[in-house]
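These notes are about the structure you will find just below.
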Amino acid sequence: MPRHLLSMSDLDAAAIRTILDTATQMHEVQHREVKKIPTLRGRTIINLFFEDSTRTRSSFEIAGKWMSADTINITGKGSATSKGESLRDTVRTIDAMGVDAFVIRHGASGACHQVAGWVDAHVINAGDGTHEHPTQALLDAYTMERRLGSLEGRHVAIVGDLTHSRVLRSNLISLRRLGAAVTLVAPPTLMPSGITSWAHRDGFTVGHDLDAVLGGEGARPVDALMMLRVQKERMSGGYFPTAREYTVGYGLTRDRLARLTDLNPEIVICHPGPMNRGLEISADAADAAQSLVLDQVSAGVAVRMSVLYHLLAGADGGADAAARVPRSAWAGSAA
Ligand code: ASP
């Protein structure tokens, strides 16, 4: 296992498999009356969130608590960064207290990579700008596998605001490593630049016509459809004429869902949340039997337990942590 989880590219297929397998065991804790195992007793995990979050932050906190770690939440607004302290000073200050792991969400792509170079603790990327969100990709894979079985040879279509999506970037790596075929669909304005050479290099396909990809003449049947949120907070200009036109072209409407279900009754629908109901996904689709949205949330706790376990207490994580020497001068001089 890597020391940090900054990108899905830190995990090869075997490491992904190990994390997903352990998550299956961790998931069982959720159904116990007493949700507590001693695995991370005595470890301290800092959730440092500079961007808003409901699912990711609470599931990391629950994951740590169920494994008996001490988890502490710090938000950008409530920390000294609001007084002008730099990210480097903030994380080095907390690191000097001897914490074991940082779970970080930050608006800047690459922020977690930087933090990993500044601290002794393990760093887990909980979403950095438009770059990556590896634990989301892991929980998506876990959820889809529970319903579909192995993803090897399955076809996953990822639709929506691809330009701003860290979920997309992590999922592309993860799904390709697990052997799935991937098709991306978005209006040209929400397609990341350089997508053609990227698709060529990483072996996925790209389309602009959602109905053609989902059920057009000769189209490869879709096993899982992942709808991405339109990230209005990251948009500075107009990426599509009106919300209505976006929905008509790229939304999972009730009619589209009905057509899809006729073609493949087993199809599953994912969305990382939070959903813009009525924009990229209709309420009917969000709540349909095919929707795995709440299964994804449930899996989020198990997968994050597994990641924390493997990084902090797994075969190399535990030994590594014990051998760590704090960076602060005080610890050095006391030696
Ligand atoms: N919750 C996910 C993220 O933080 C997806 C989203 O916000 O659209 O990236």
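The first residue you see is number 1, and the count goes up from there.
Placement of Cβ uses the backbone N, Cα and C atoms for every residue, glycine included.
Any TrEMBL annotation is an automated prediction that lacks curation.
When Arg32, Arg105, Arg254 are compared with the carbamoyl phosphate site residues Arg55, Thr56, His133, Gln136, Gly273, Pro274 in TrEMBL, the one appearing in that site is Arg105. With a cut-off of 6 Å between Cβ and the nearest atom of ligand 1, the binding-site residues Lys83, Arg105, His133, Arg166, Arg229 reduce to His133, Arg166, Arg229. Cα-Cα distance from Arg229 (L-aspartate binding site) to Gly273 (carbamoyl phosphate binding site): 7 Å (rounded to the nearest whole number). The distance from the Cα of Arg166 (L-aspartate binding site) to the Cα of His133 (carbamoyl phosphate binding site) comes to 6 Å. Apart from Arg55, Thr56, Arg105, His133, Gln136, Gly273, Pro274, the carbamoyl phosphate site neighbourhood in this chain, defined by C-beta within 8 angstroms of the site C-beta centre, holds Ser53, Thr54, Ala126, Gly127, Val167, Pro272, Gly300. In terms of DSSP helix, strand and coil, the domain 'Aspartate/ornithine carbamoyltransferase carbamoyl-P binding' (3-145) has 67 helix, 27 strand, 49 coil.
Gly273 (carbamoyl phosphate binding site) falls within neither a helix nor a strand when secondary structure is assigned with DSSP, and so counts as coil.
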